[in-house]
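Chemist: Shown below is the structure under consideration.
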Amino acid sequence: MRIVSAHAGTIPISSSMRNAYIDFSKMDCTILALVSDVVVDGKPLVGYGFNSNGRYNATAILNERMLPRLRAAAAENLIDENGELSPARAWDVMMRNEKPGGHGERSVAVGVVDMALHDLAAKAAGVPLYRWISDHYGDGAPDADVFVYAAGGYYAPGKTLEDLRDEMRGFLDAGYEIVKMKIGGADLAEDLKRIESVIDVLNGDGSRLMVDVNGKFDLRTALEYGRAIDQYGLFWYEEVGDPLDYGLNATLSENYRNPIATGENLFSLQDARNLIRYGGMRPDRDFIQVDPALSYGLTEYRRVLDMLAQHGWSSRRCIPHGGHQFSLHIAAALKLGGNESYPGEFQPTGGFTDDAVITRGRVAPGDLPGIGLEGKAEFHKALRGLHG
Ligand SMILES: O=C([O-])CC(=O)C(=O)O
Ligand SMILES: [Mg+2]
């Protein structure tokens, strides 16, 4: 197979909500179509990718560095020993002449292309991506479905406690059992009121609630909130301090008994390894949230999983950030602990196929070939628009 053309674009995924650190009024996303020379039913196979949410588009890096290297590569450098398209070899081509360290948002650009290459490889094999990943990298049969939790509970202009409770009730009605809300964008007293009113919707069960600080707290505030919320036995306390402040996280983990989650803003094997070496994360209870789309794609994510295994971590303790269909396939194939979901947010890229049904907090990736973005009608329109 050869890639005959590559088309990148930028689309808005903005909204009026905010977390403790940013608002999403200018949030956007890179989207990509890789058109191949393989023709099925009279049409070329096309691989699609996009860059999750939370970081802005990386279209310029992609257009100026990653795609030119792929275009210039000899065909034999992009295939494996069976002559099939190899996303892992293409990854090496994209990273040629890139120094190590300081991963910045280059990881986002590479992640978009890596996703599209995996979409294309699975489509060429005529199978859904979870099956392709399981066949190439898996260890036993893939999971039939994946635990998902509903992330929301953002701050928004005029949003009342009753609005927050209604939002959470909506998640439960939609089939979710575990929900997440933002904290750290108000003072402790107000956040405790918000937390308690959501726990009330969860029949008093704090273990069904996650709270997310988006990296806002200094150590003193992290510990102060930790002391106040430990009593609720929450599912997890997320990204409490700056994502690169491993010392803060380590001190928190010595003082906060219940699970901690972090990693959505760690974009490389090396950063994730530093979290494990220095961040005090506990393999018996904590969660790693590295998002494959933001962090150099599945090719790098597999290295992260290997590193975690070497340090005694189960893949079940990984629940990626992002709430997208790419990680859903990865979670099923590589037996992760679950995947995020943001019902209704970050459209049109976010979420699962239009026909996906959440049942008792679980969802299946579906059986469309590749990632299945053709099963997201609005998003597919934008993707198709890239290559006409
Ligand atoms: O608010 C955001 O940037 C999203 C986020 O942290 C999450 O999904 O955990
Ligand atoms: Mg988060």
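For all residues, glycine too, the Cβ spot is worked out from N, Cα and C.
What TrEMBL records for this protein is below:
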{"type": "BINDING", "residues": "Asn19, Asn53, Lys99, Tyr154, Lys180, Glu238, Glu264, His321", "note": "substrate binding site"}
{"type": "SITE", "residues": "Asn53", "note": "site 'Transition state stabilizer'"}
{"type": "DOMAIN", "residues": "161-259", "note": "domain 'Mandelate racemase/muconate lactonizing enzyme C-terminal'"}
{"type": "SITE", "residues": "Lys180", "note": "site 'Transition state stabilizer'"}
{"type": "ACT_SITE", "residues": "Lys182", "note": "active site, acceptor"}
{"type": "BINDING", "residues": "Asp212, Glu238, Glu264", "note": "Mg(2+) binding site"}
{"type": "SITE", "residues": "Asp291", "note": "site 'Increases basicity of active site His'"}
{"type": "ACT_SITE", "residues": "His321", "note": "active site, proton donor/acceptor"}
{"type": "SITE", "residues": "Glu340", "note": "site 'Transition state stabilizer'"}
Chemist: Taking the Cα atoms as reference points, how far is Lys182 (active site, acceptor) from Tyr154 (substrate binding site) in Å?
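Modeler: Distance (Cα to Cα, whole Å): 5 Å.
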Chemist: Could you check which of the binding-site residues (Asn19, Tyr154, Lys180, Asp212) sits closest to Glu340 (site 'Transition state stabilizer'), going Cα to Cα?
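Modeler: Nearest candidate: Lys180.
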Chemist: If you draw a 10 Å sphere around the Cβ of Asn19 (substrate binding site), how many other Cβ atoms fall inside it, taking every protein chain shown into account?
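Modeler: Total other Cβ atoms inside 10 Å, all chains included: 21.
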Chemist: Rounded to a whole number, how many Å is the Cα of Asn53 (substrate binding site) away from the Cα of Asp291 (site 'Increases basicity of active site His')?
Modeler: 10
Chemist: Setting Asp212, Glu238, Glu264 aside, what same-chain residues sit with their Cβ within 8 Å of the center of the Cβ atoms that define the Mg(2+) site, listed in sequence order?
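Modeler: Going along the sequence, the neighbours come out as Lys180, Met210, Val213, Asn214, Glu239, Ala261, Thr262, Gln289, His321.
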Chemist: State the mean pLDDT for the domain 'Mandelate racemase/muconate lactonizing enzyme C-terminal' (161-259).
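Modeler: Per the prediction, mean pLDDT sits at 98 for the domain 'Mandelate racemase/muconate lactonizing enzyme C-terminal' (161-259).
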Chemist: Which binding-site residues from the set Asn19, Lys99, Tyr154, Lys180, Asp212 come within 10 angstroms of Asp291 (site 'Increases basicity of active site His'), judged by C-alpha positions?
Modeler: none
Chemist: Taking only the Cα atoms, work out how far His321 (substrate binding site) lies from Asp212 (Mg(2+) binding site), in Å, as a whole number.
Modeler: 12
Chemist: Near Asp212 (Mg(2+) binding site), which residues of its chain come within a Cβ-Cβ distance under 8 Å, counting only those 6 or more away in sequence?
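Modeler: Correct list: Asn19, Ala151, Lys180, Met181, Lys182, Ile183, Glu238, Glu239.
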Chemist: With respect to ligand 2, which members of the recorded positions Asp212, Glu264, Glu340 satisfy a Cβ distance under 6 angstroms to one of its atoms?
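Modeler: So the answer is Asp212, Glu264.
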Chemist: Got a sec? Which of Tyr154, Lys182, Asp291, His321, the recorded positions, have CB under 6 Å of any ligand 1 atom?
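Modeler: Cβ < 6 Å from ligand 1, in sequence order: His321.
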Chemist: Using a 10 Å radius around its CB, how many other CB atoms surround Tyr154 (substrate binding site)?
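Modeler: Total other Cβ atoms inside 10 Å, all chains included: 22.
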Chemist: For the recorded positions Glu238, Glu264, Asp291, Glu340, which Cβ has the most other Cβ atoms within 10 Å, all shown protein chains included?
Modeler: Asp291
